[in-house]
């Protein structure tokens, strides 16, 4: 009945990315019953805003041995080693999406593999569906870090293809079902410290505006305060290091920016994007802190980054964002691009002043000890010889030379 | 005293880009007195929001023969042949700037050359300074279209290097001076149908927020109405063709979007950018209609443009924007990129629904007869076989193959 | 026993890419017996150098109805619509490979689909293996042109996984087997008018030089004549149109260049390349005429193509080559790139003089009515004012401005 | 008479890039007489193949104080820190040129600046003309390393604009003139360890084959031995480290490869290229060792570099080569690209076997302890499960999904 990709019985011990929710609890049990495998659960706090205590309890209830339950707070690692490097690149997928879901998968996958090696597991398992990008992101990570790992993707394998069958399976195996989980959720949610995403079902028609209930971590611009909030974000080497002069850890900064963004209605995006697996999908994203951070980083770069470096970064960015979105975090080409980007960030430091107001992030000032902005050069006033306007003529003449040559050819050929 | 680049007396007839303002009036007179040249004035309506009547009168007053006064309404040509092709590319310079000034220069320069050929002039003249980008944009256009044209750039040549000297020259030559032009303007303004820019002088410190007086064509988000405005923009082949179902000409659409953007506080940008001539400068831009158009175009592309086409466009865009910003509109490489971009726009049609609210342009719906979005493919529900989740496994396995090979090498080499 | 991807019995009529060789004859019979399908054979002359008569006879022998046998000479279409457009791009995969196999697949696939529509077939079938690129190229073409076509790829499906089983099947079904086909071929060959490739088996170790027997359409440089051959290739709009002043059709030109290349030992390449399906493979390619054409095209471009156009082409080329190699000929992004490339070729015309000698293609002269090369500009002699050396100073000063600003920062920051 | 860019008398001490030849000797004297400056000479051995003793003697004869004469052997630094990093990138300008002249300028310029700082000079001077690229390369280097340096470019400034005037000046100032330097050289030569270039005068017509006298460091393919030479080049981290198993320093390797290339007629290129200053020029280059090195590096990468890394390198290469050619070695964007490239070279090690024969560099074998080539994966034989051909179907189906969606739209829209 079940068309396994990895043969049952062939797996001894499997590390499951476990949220404690109904779906991954069913997977847990299914791994025990179908594969006869010893299950190790891994539950990570990436800032999704749920307590982890219940996940431990539920795992125990489902028969997982205490030494097989891994629960970890990865928020600092997530922001420091994944979110911040990505923001150095000003990464936007398809011009808009700040990659909040994409960037979390490589970290979860990496920890699963590390745990698998620590406990001697021969397989890993995730709860992503067969239509989405997350399956790719998880599995590319697994294979890149442990090439002989066995991968179990229940949603591509099993026969529990409807909500009804899932609930039946849960009931049959005494898996507790929260009341509000009996029915179908009206849409699907993913969340971490960078963003929350909502998609599917009632959100599937891109012609229809999402109901306000969809939004979880931002008030609407309309409901945001009538008075702007002014903040200052400090940067070192391209990373945010302080808010209003107070130094904070990466996760603390993002948490704080999330709170500021939330109350000012910042970071909502409603878009249709192209999945790596080939179809278009519609997503509603809320990235309050990330949206502020993106604007602030661009602003501090605007005075500290050389034009050549900045334009090269802009040209490389779409490729970088595509790699992160597609799941190629652990690929040589992403690492090459990161090396180039990081090289550019040495002097990206200073302070950006921002006005947050009803959905807007407005840059109102930037300053830096490493500023390349020179009032002497640019001034309309007397510049004391910093710039010789005569130079512009030669500059233009030589830039024009090839265009003039083309024009002479056109004239000569009569077209 | 004056270090001419083009020798005086060597010019017989010159076509001057003439606004009717004080500066270009001084230039006009200076061309007559220093070069002894017959001056032809060219004044264009690109939607800068000034009446052209006074420019004609003033030219006559300064002794220009009626047949040497050219006044033209270029608004439709501007939007149809310059603004819209550029918006097909989603062009943003340095991630932010919608290129409102850059895109106007090639059209003005082109008309100057056409007029020069019509009246038999051997030179053209513009009023841009020696520090900015506009001199480059004008002159690259001139040379690309008429390789042997003589170019006069008074600001790089003359000795009227202070406001006082300019006023003295004006008084000496009976050039009328409006009362409010006697003193220095606090900053410099450029405007057309796409945007207005403000820069220089009081705006030169990027750490200081611009005073509200700077803004000319938008209310502030704070002052915008508390109720959102909902509109629908229709597209054909990548260009906007209607608002709320009413078909309009290109310039009419942009005018209408400007009005909508203005009253909703949309399109203000305060940035530090990198000039082609090598220094950073700070600009305040207002692009109300363009900001709406940009969002709408991205949204209609999101359902009608293939992923391969869209990602290629995103990769080409920074180069395209750089070319426009630098003044290379009439270059083979801009035309090559345009050919690629235009090729992609054939099916970019349909309707985008937008909510305009206090600085925000929020996409709330898109639909198209040419939509590539397929609910059948993406649905979380039963998709009737449109997509076989089993395919994902092979897809991932082969995408992972090279990463696994790398991982096996790492293991083998012990690093 | 056989794990069909398309269910047997579900196919009524299938268009098979049929070479007349043993493998595709076995496939033909297998389609009849396993699928019970009516088979339509399509055999194309793409210049592979084999007569087509035997293919017709063999198809008849295997029971194909005359109206189901399609034999076509596609050489002109192949060179005109596939090879030449690709050469306009100077396409090299991984810096070396002239894409001889890749470029033939879209044409074969396209004709299969056209025939399928003409005869009302519901499926197509190819004889490419499950490890190579050709399966991808064929099938992406099929799906791009007829999205609901059924695709049969016997090598991924059947159980004839060894030479022995294949021969058994052939014998069982009275398929004639040429004596020299009984044993395993020592390597696998693909050929068309552009190139022939050899790979697999005895060629699998990239540390070992291929035996001279491998080469089929070139003498070795060592065996080539001691006297050079001088030729002139004429171009119009980027395509070769004549040899030594004699106008010829596209296929005739390539045939002639092949003969010239062959006798002068030109166009052998031994490389390790990266397949789209994820592994590295070693190929031996012979592209005698193509190698000459590539050098000649670059040379005519060198005097007729503007720098901006040329550099943009060079930047786009790797992406273009990748698309062709991966099989995305019929994709929007390949068509966009082609539009850009073709736009650049309008004035790529003139004559290139070449010396062919023992593996070398040496450019010894180029001339064009549309040349952009200007002796006046470049001369070390007096240039009569064509170029003002003083302009260089301003050009350099402004190009240096941002670098000087960076250096001043470094000094200020003490690093 | 002389239109100085830097005012005479304003320079106290100037570091001159001094070859000891007639032209730079005239410059030396001109700096003394026109500028009244103390001249410091810098003569570097970059492998140009001239003795440096005479340069010292001549400098002394022209009155330079011994402590102001700097003569240095920079060959190892040149190859290790400039040539090799560039070859890691497989840099080819306009598809052909190995950048032999371009890559030497940043090193010479850097040493001039270092000497200027050591001796307290306020200016530097080079002997490049006002039409070429070298002036740009020198001066961008100067400004990038010492932003306030004064730059003297005599060829753009002085009135010695003909050979006759130059000789007159030399005679007047008792500068010794070698007999063969009295007349005009028939073309201009630049040489270093990587290449020699010849251009100008008799070579200015690109339709005419260069006379055999032009070539200086290679025999012609016709004159090369009838027997091939077989060599093995060893690599570590992307750099050549040995020939035929013998470890050598960078400059020794290049010297040895030059000898091998020279005798086998390798590395001649005759091309028309686009200069940064805007015109096309024709150059004859000989890069014997570099041509071998390029082929060897590509070959070792072919088995050790991942596809993603390799394709990214190929996409970045044209930009990298352009930067080197234009003179932007010391720019943030070249350094960013270098960081990306170097990141990719960690495992580029192993041995490449080459056959050198009459102009040909033929790769006949490559092997590496870090090879990514897997016979198991690619084999036509039984691969023991290393690759599951079934995976290809899913891979193709999902890659085709968007193309099928496009095809369905086309059908629906009837176009």
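Glycine is treated like the rest: Cβ placed from N, Cα and C.
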Additional site residue, C:197, C:302 [criterion: listed by TrEMBL with C:97, C:102, C:133, C:137, C:188, C:273, C:285 for L-citrulline]: C:197
Among C:120, C:127, C:130, C:132 - the residue TrEMBL places in the same ATP site as C:17, C:18, C:19, C:20, C:21, C:22, C:23, C:24, C:25, C:44: C:127
Arithmetic mean of per-residue pLDDT over the domain 'Arginosuccinate synthase C-terminal' (C:187-404): 95
Extent of the L-citrulline binding site in Å [max Cα distance among C:97, C:102, C:133, C:137, C:188, C:197, C:273, C:285]: 18
Listed binding-site residues (C:137, C:188, C:273) that sit near chain D [CB under 8 A]: C:188, C:273
Conformational class of residue C:129 (L-aspartate binding site) under the three-state DSSP mapping: coil
Distance, residue C:129 (L-aspartate binding site) to residue C:137 (L-citrulline binding site) (CA atoms, angstrom): 12
Position of peak Cβ density within 10 Å, selected from the binding-site residues C:97, C:285: C:285
Diameter of the ATP binding set by C-alpha atoms, the set being C:17, C:18, C:19, C:20, C:21, C:22, C:23, C:24, C:25, C:44, C:127, in angstrom: 16
Integer Cα-Cα distance in angstrom, residue C:23 (ATP binding site) to residue C:102 (L-citrulline binding site): 20
Residue from C:17, C:21, C:129, C:134 whose C-alpha is spatially nearest that of residue C:102 (L-citrulline binding site), among the binding-site residues: C:134
Of the binding-site residues listed as C:133, C:134, C:197, the one whose CA lies nearest the CA of residue C:127 (ATP binding site): C:134
For residue C:197 (L-citrulline binding site): DSSP state (helix, strand, coil): strand
Conformational class of residue C:273 (L-citrulline binding site) under the three-state DSSP mapping: strand
Pairwise CA distance, residue C:133 (L-citrulline binding site) versus residue C:17 (ATP binding site), rounded so that it is a whole Å: 16
Distance from residue C:197 (L-citrulline binding site) back to residue C:21 (ATP binding site), taken between C-alpha atoms, in Å: 17
Pairwise Cα distance for residue C:97 (L-citrulline binding site)/residue C:25 (ATP binding site) [Å, integer]: 31
